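Quick look at what Swiss-Prot annotates:
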type	residues	note
ACT_SITE	38	active site
BINDING	13, 14, 15, 16, 17, 18, 50, 115, 116, 117, 118, 175, 176	ATP binding site
BINDING	17, 50, 115	Mg(2+) binding site
BINDING	42	substrate binding site
């Protein structure tokens, strides 16, 4: 791996933050120079909570890039989608600020993992969806899914969107932490999605996040 990767999910609260932190930790253990970024954090006042979770999982303190807000360029107080949180805070989301911060991180680190807010179709602004931004920046996507009920549908919809927009899927991360309590559903979801990934995105990697990785 090298460059900037966008971590998205099939839904809200699917485990993107833990997945991002665990992947960054694994890369650190491999001797890679890696940093995570949360370009838009909502529901916070000062520090991006997701970045704090990343650092805890990675086993490192807050970095200089964190102190300079390069890893958390836009923070809004209301816990909502970025476009609504920005409106309620009475200011516009600054896409140029986000792009510049990511570029600066990419110049300093071998790998940058950018954790998005929610799923691919979450609005960043009134006119721009998250998937539009990913396409504009030509970022490969790391998609987080799970074995809970509904995940097959949401994952296949995400696959279809990535294909429609011509975006490369780097990997699908199956998050066991958010599995269904029904073991049959969880296991079938895993086997089905593993087969669909091979059929739809043959070059993409399959990864799994174990329950023991929960923070």
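Positions of Cβ are set from backbone N, Cα and C atoms, glycine also.
Feature map: Swiss-Prot annotations on the structure.
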residue : record                 : CB count, 10 Å
13      : ATP binding site       : 10
15      : ATP binding site       : 22
17      : ATP binding site       : 23
38      : active site            : 28
42      : substrate binding site : 22
50      : ATP binding site       : 23
115     : Mg(2+) binding site    : 29
116     : ATP binding site       : 24
118     : ATP binding site       : 20
176     : ATP binding site       : 17
Smallest Cα-Cα separation from residue 115 (Mg(2+) binding site) among the recorded positions 15, 38, 42, 50 is shown by 38
Residue 116 (ATP binding site) falls, by DSSP collapsed to helix, strand or coil, into strand
Whole-number Å distance separating the Cα atoms of residue 42 (substrate binding site) and residue 50 (ATP binding site) is 10
If we take the residues 13, 14, 15, 16, 17, 18, 50, 115, 116, 117, 118, 175, 176 that the record assigns to ATP, their largest CA-CA distance in Å comes out at 20
Same-chain shell around Mg(2+) excluding 17, 50, 115, C-beta within 8 angstroms of the CB centroid, reads 7, 16, 20, 21, 36, 38, 48, 51, 53, 54
CA pair residue 116 (ATP binding site) / residue 38 (active site), Å rounded to integer, equals 7
Rounded Cα distance in angstrom between residue 13 (ATP binding site) and the residue listed as 'active site' is 15
